[in-house]
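Sharing a structure with you now.
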Amino acid sequence: MDPLWYKDAVIYQLHVRSFFDANNDGYGDFEGLRRKLPYLEELGVNTLWLMPFFQSPLRDDGYDISDYYQILPVHGTLEDFTVDEAHGRGMKVIIELVLNHTSIDHPWFQEARKPNSPMRDWYVWSDTPEKYKGVRVIFKDFETSNWTFDPVAKAYYWHRFYWHQPDLNWDSPEVEKAIHQVMFFWADLGVDGFRLDAIPYLYEREGTSCENLPETIEAVKRLRKALEERYGPGKILLAEVNMWPEETLPYFGDGDGVHMAYNFPLMPRIFMALRREDRGPIETMLKEAEGIPETAQWALFLRNHDELTLEKVTEEEREFMYEAYAPDPKFRINLGIRRRLMPLLGGDRRRYELLTALLLTLKGTPIVYYGDEIGMGDNPFLGDRNGVRTPMQWSQDRIVAFSRAPYHALFLPPVSEGPYSYHFVNVEAQRENPHSLLSFNRRFLALRNQHAKIFGRGSLTLLPVENRRVLAYLREHEGERVLVVANLSRYTQAFDLPLEAYQGLVPVELFSQQPFPPVEGRYRLTLGPHGFALFALKPVEAVLHLPSPDWAEEPAPEEADLPRVHMPGGPEVLLVDTLVHERGREELLNALAQTLKEKSWLALKPQKVALLDALRFQKDPPLYLTLLQLENHRTLQVSLPLLWSPQRREGPGLFARTHGQPGYFYELSLDPGFYRLLLARLKEGFEGRSLRAYYRGRHPGPVPEAVDLLRPGLAAGEGVWVQLGLVQDGGLDRTERVLPRLDLPWVLRPEGGLFWERGASRRVLALTGSLPPGRPQDLFAALEVRLLESLPRLRGHAPGTPGLLPGALHETEALVRLLGVRLALLHRALGEVEGVVGGHPLLGRGLGAFLELEGEVYLVALGAEKRGTVEEDLARLAYDVERAVHLALEALEAELWAFAEEVADHLHAAFLQAYRSALPEEALEEAGWTRHMAEVAAEHLHREERPARKRIHERWQAKAGKA
């Protein structure tokens, strides 16, 4: 693990209580958070900061802790607190370490109140409230003094915050030891970091401000030392130090203090610069924040669970901020403004996007407050700061899909009135809208993650642009450069960038990957109101692969009809959610939908294709196993191997060309080489991890030199078969489960495979097994070969000639009869294994379920679990027999067409007679048989309108009409 992971992080701050209620008691809980991890993963955050969830009387939203080792029951139990699933998704977890104070209900304080208690010095006591006179009161709206008299102790106790939060006495070694033990307890449970709440106030000394004392700095260093001695590097401390930069710098030490600290003074000055339309406040604070150790990092934020603090601004600046952002006094609290981000910006989308761009590109680790990604609002009429801590707005239902508890049972009411009401602002409404705030944030976070090192670890150089309404800076890391420009004005601005030092480099816009003219000196740009732009500065030779403007691109004539897909990077930017380029993915999925409409094996012509998962199966050239959802009149999931190649290659499956990164996409379901690669990787013992699931596989058998494709999804080589579950309908899962239990010598039992695993869910993506010696064929192909040999014997004879067909079709009829016997024995075995309650278990597939090898018929696959009448299975196989007749006749002389129906009926009769003889107890219904044949014929015609399918459909529709 990279011990500097926190520099590349995107932190999502949430209150478990506010996020999602799984047990419907009105309070969010850990199970609710677990269920919403996929949403956070899709959003693109990779670190969770959980606000206090410990035992507490909740007088200060959980920051008043009464037991550090217990979880507040409304959130769940200690058993519910597990970081495993978050870690499995690549997410870190940071929790609160409230080490300055406890609740008055904490057993430590209750014991300390008693006369002569050995725990008396765990808190700060005085006989007079005059001690530490002159130390400021932080919550002036609620407290008049830092001392409160306790009648039990007959003394005053010290509290820097609320009266019910007595400060711990860090001069007591026992207190420090106890807090270390609390930290160890949660770190042992897998927590990756701790936010040190209210850290500047640990010690008190007469004649000082009792803030940022040297003793506090040393205590922080001891805390880090204890953490690293026990766990090594990798777990972090994030300090809440609401101070000026020069007061915060000592907390970093020489790299032996905290790993991160909030840049509190920068945050209000971002809002100040926006309203003043002048970059000065931002530049000033960025310069003040320089000089931290190489391993340290600033944490950046726009809003959080507290007020927008104006403690660290001048009196004039505070007056300006109140007038600009909170003219109504009800939005003011303590020395700050209690508003969420979007209302603070007056609902202005451009200003929101601009500030988000600054948050994600300035030097530091960004923190996103829950709900701000969709533009949630606030409720100033709730007490204290609760107005910005309301339930997450998941949908527009009565209580925002946060909980099914009665409305009155909710811990806080959701925002239900005005433009930020959950009726209008919710995840459900924004998730599928590519123009929503949520989609904007997902795209930007994907870009941030794609360039995590430069934004998280790179240097920042401010550019001296003459136009002060424009903020411009360069981020550089290990030879990579990104230029960020932002217009703080509500009007369009033109400006010149002093880029003389970068002459010859080409600015490439990061979102579109569109190259701009090379730098030749001062660089003229124009940005719209509150606009921003990000450019990678690259050498000319590094951008030769990038596209010319779309209107100038001329594809080769043979590629003119190929769909174009914009791919600004490797295929991961289209297939990996955290790196995704939305426009390119949409173009890729549209191209896939187009090619899948042409697949005869697919029983659905998709109007829309969605990517559910993707695993990189091979690095060079990049090959991904994808799980797709197809939509039309119904939904269907398929698994397809997709390969991207920078050069055009021989072989099937080409379906799109890429620009940005020029190359070609191939769908490999018909490529024999892919199936050999699959066997080879499984032979090694394959294990991989996508964003969604684990992929594990094995193949105990040999890997043949050559593999032949028998049909889409099924391939075989010498002694080996491999089957890919192209259609994920559960058929392979049933095959793996049931075939080993069938006591039939002609059943090919699976011996290996590839499996998709996510928690308790598991599905089979591929199966492998052994074959007897010989050259196998798909049974449909084998039947067609026999027909091509048999049908020419009918030349010169008239249809209806007695005794003609049994002699001419002897070999074909023998194969069909064998198939009838096999199906009968299979039905009997399936009934014994799966039971017959609710209908007979069916094969559920056509001839593709079987292989032919040296005249023998082998079962290799079952369809999805289905129950019904045996006539349905008989019809599926009989339809394939009849289609083989038509395809063979299409390849022969026209004069033989007169025999089409007679040959089909003869083979059907042989098939049914063989089935009846092998399973006499199963009574077949002629009417049911005819109806099922008509239904199967209609289904196949819907898949693909070819002449053979059309003729068969017309014949059976006529028969069904007569029946």
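Keep in mind that glycine also has a Cβ here, set from the backbone N, Cα and C atoms.
Pulled these features from Swiss-Prot for this protein:
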type	residues	note
BINDING	Asp60, His101, Gln165, Arg195, His305, Asp306	substrate binding site
BINDING	Asn100, Asp167, Tyr201, Leu202, Glu204	Ca(2+) binding site
ACT_SITE	Asp197	active site, nucleophile
ACT_SITE	Glu240	active site, proton donor
When a 10 Å sphere is centred on the Cβ of Arg195 (substrate binding site), how many other Cβ atoms does it contain?
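Within a 10 Å radius of the Cβ of Arg195 (substrate binding site) lie 24 other Cβ atoms.
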Can you tell me how many other Cβ atoms are located within 10 Å of the Cβ belonging to Asn100 (Ca(2+) binding site)?
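Excluding its own Cβ, the number within 10 Å is 24.
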Sorry to bug you, but what's the C-alpha spacing from His101 (substrate binding site) to Leu202 (Ca(2+) binding site), rounded to the closest Å?
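It is 9 Å, counting Cα to Cα.
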Ten-angstrom check, please: count other Cβ atoms within 10 Å of the Cβ of His101 (substrate binding site), all chains counted.
28
Sort the binding-site residues Asp167, Tyr201, Glu204 by C-alpha distance from Asp60 (substrate binding site) and give me just the closest.
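That would be Asp167, the closest of Asp167, Tyr201, Glu204 to Asp60 (substrate binding site).
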Counting only residues 6+ apart in the same chain, whose Cβ is under 8 Å from the Cβ of Gln165 (substrate binding site)?
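Residues satisfying the criterion: Arg59, Asp60, Tyr63, Asp64, His101, Thr102, Ser103, Ile104, His159.
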Which of the recorded positions Asn100, Asp167, Glu204, Glu240 has its Cα closest in space to the Cα of Arg195 (substrate binding site)?
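With Cα distances computed to Arg195 (substrate binding site), the winner among Asn100, Asp167, Glu204, Glu240 is Glu240.
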Give me the count of other Cβ atoms within 10 A of the Cβ belonging to Glu240 (active site, proton donor).
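Looking across every protein chain shown, the total is 21.
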Inside 8 A of the center formed by the CB atoms of Asn100, Asp167, Tyr201, Leu202, Glu204, which other residues of the chain have their CB, for the recorded Ca(2+) site?
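Residues close to the Ca(2+) site, other than Asn100, Asp167, Tyr201, Leu202, Glu204: His101, Val124, Trp158, Arg160, Leu168, Trp170, Ala198, Tyr203, Cys210, Thr216.
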List which of the binding-site residues Asn100, Asp167, Glu204 have their Cα within 10 Å of the Cα of Asp197 (active site, nucleophile), in sequence order.
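Near Asp197 (active site, nucleophile) by Cα: Asn100.
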Including all protein chains displayed, how many Cβ atoms other than that of Leu202 (Ca(2+) binding site) lie within 10 Å of its Cβ?
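For Leu202 (Ca(2+) binding site), the count of other Cβ atoms within 10 Å is 28.
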What Cα-Cα separation, expressed in whole Å, is found between Glu204 (Ca(2+) binding site) and Glu240 (active site, proton donor)?
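Taking the Cα atoms only, Glu204 (Ca(2+) binding site) lies 18 Å from Glu240 (active site, proton donor).
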Could you round the CA separation between Asp167 (Ca(2+) binding site) and the residue listed as 'active site, proton donor' to a whole angstrom and send it over?
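If we compare the Cα positions of Asp167 (Ca(2+) binding site) and the residue listed as 'active site, proton donor', the gap is 16 Å.
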Measuring Cα to Cα, tell me the gap between Asn100 (Ca(2+) binding site) and the residue listed as 'active site, proton donor' in whole angstrom.
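The residue listed as 'active site, proton donor' has its Cα 11 Å from the Cα of Asn100 (Ca(2+) binding site).
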